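Per TrEMBL, active site, proton donor/acceptor is recorded for His129. The active site, proton donor feature in TrEMBL is assigned to Lys133. The annotation NAD(+) binding site is assigned in TrEMBL to Gly7, Ala8, Lys9, Gly10, Arg11, Met12, Asp37, Gly73, Thr74, Thr75, Ala99, Ala100, Asn101, Phe102. According to TrEMBL, the NADP(+) binding site annotation covers Arg38. Summarising the annotation, TrEMBL assigns (S)-2,3,4,5-tetrahydrodipicolinate binding site to His130, Gly139, Thr140. As annotated by TrEMBL, domain 'Dihydrodipicolinate reductase N-terminal' applies to 2-102. Per TrEMBL, the feature domain 'Dihydrodipicolinate reductase C-terminal' maps to 105-238.
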Amino acid sequence: MLVAVFGAKGRMGAEVCRAVSEADGLELVAALDAGEDRTPAASADVVVDFTVPDAVMENLAWCAEHGIHAVVGTTGFTPERLDAVRDLFVGSGANVIVAANFSIGALLMMHWAQEAARHYESVEIIELHHPDKVDAPSGTAATTARRIAAARADAGLGPVPDATTQDAGARGADVDGIRVHGVRLRGLFANQQVIFGNEGEGLTITHNSYTRASYMPGVLAAVRAVASRPGLTVGIEGILGIGS
Ligand SMILES: NC(=O)C1=CN([C@@H]2O[C@H](COP(=O)(O)OP(=O)(O)OC[C@H]3O[C@@H](n4cnc5c(N)ncnc54)[C@H](OP(=O)(O)O)[C@@H]3O)[C@@H](O)[C@H]2O)C=CC1
Ligand SMILES: O=C(O)C1=N[C@H](C(=O)O)C[C@H](O)C1
């Protein structure tokens, strides 16, 4: 398979270029960054996009126009944005996978957090990242919060208890009724804690990515799978057999 990488000079893109170059059966045909002509990518079977939330939609429109499959790790995807991606690829002959996180541990963390969500009255999320990250909350935290909120609604749980009436901003972001707190700290890479509480007990699910190598098996699995996954696929749980 011929693979092009968008965002190739970035922290993730550079790691993906290395992983693709070393992978059996994959060939890196284009490594492109901001402002570069996309023409060299036109021969690719799959584009991998790790760019920035402001650029990714235009990149995906180009992929759809050229009938090239896309694997997207760039974050900032709301449900509305995902609907727009689905529409872009209709009739294009190409498929697209969008995943806020490609690491096995993060996928298991989200899966188990969704399972736990129905059993706890309280839940909050703390995501901790390097200070060069541009988006907050992280894509992983926003995805986790939405999945927890859906599981709570499904279980008939009401809003999480919170008596706060005076807030100077200390209660974090509200994602579908779930509070998400973002920490940006030099020395950290990517961590997340999902904290559950009931009267008299608590449960914390923690995931740590120590290096960007943690994402590469998932990215390569998505590259290999995208041609056989029609339309838009959100997350790679189905590809890795998580939750099935
Ligand atoms: N799904 C997952 O598992 C993971 C997702 N991410 C996400 O991946 C994204 C990238 O993260 P990271 O690598 O740390 O960020 P970086 O800022 O290091 O890399 C982004 C790169 O994309 C380039 N770029 C900007 N616009 C375009 C464009 N139109 N076409 C091609 N390249 C472009 C940037 O260039 P310039 O700097 O010149 O603008 C930069 O080199 C983020 O959204 C992050 O949250 C990160 C880790 C894992
Ligand atoms: O920007 C990052 O570094 C990361 N971004 C993704 C996110 O926003 O969830 C995945 C991981 O947390 C690293």
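Glycine too: its Cβ is placed from the backbone N, Cα and C atoms.
Cβ neighbours within 10 Å of His130 ((S)-2,3,4,5-tetrahydrodipicolinate binding site), excluding its own Cβ and spanning all shown chains: 13. Taken in sequence order, the recorded positions Asp37, Arg38, His129, His130, Thr140 that lie near ligand 1, meaning a CB under 6 Å from one of its atoms, form an empty set.
Proximity of the recorded positions Lys9, Arg11, Asp37, Arg38, Lys133 to ligand 2, judged by a Cβ distance under 6 angstroms to any of its atoms, singles out Lys133 in sequence order. Taking Arg11, Thr74, Asn101, His129 as the recorded positions under consideration, the smallest Cα distance to Arg38 (NADP(+) binding site) is found for Thr74. The two recorded residues, Lys9 (NAD(+) binding site) and His129 (active site, proton donor/acceptor), show a Cα separation of 20 Å. Once Cβ contacts within 10 Å are tallied over all protein chains shown, the recorded positions Lys9, Arg38, His129 are led by His129.
The residue listed as 'NADP(+) binding site' falls outside any helix or strand according to DSSP and counts as coil. Within 10 Å of Ala99 (NAD(+) binding site), counting C-alpha to C-alpha distances, fall the following of the recorded positions His129, His130, Lys133, Gly139, Thr140: Gly139, Thr140. When the C-alpha distances from Asn101 (NAD(+) binding site) to the recorded positions His130, Lys133, Thr140 are tabulated, the minimum falls on Thr140. A separation of roughly 30 Å, to the nearest angstrom, links the Cα atoms of Asp37 (NAD(+) binding site) and Thr140 ((S)-2,3,4,5-tetrahydrodipicolinate binding site). There are 25 other Cβ atoms within 10 Å of the Cβ belonging to Gly7 (NAD(+) binding site).
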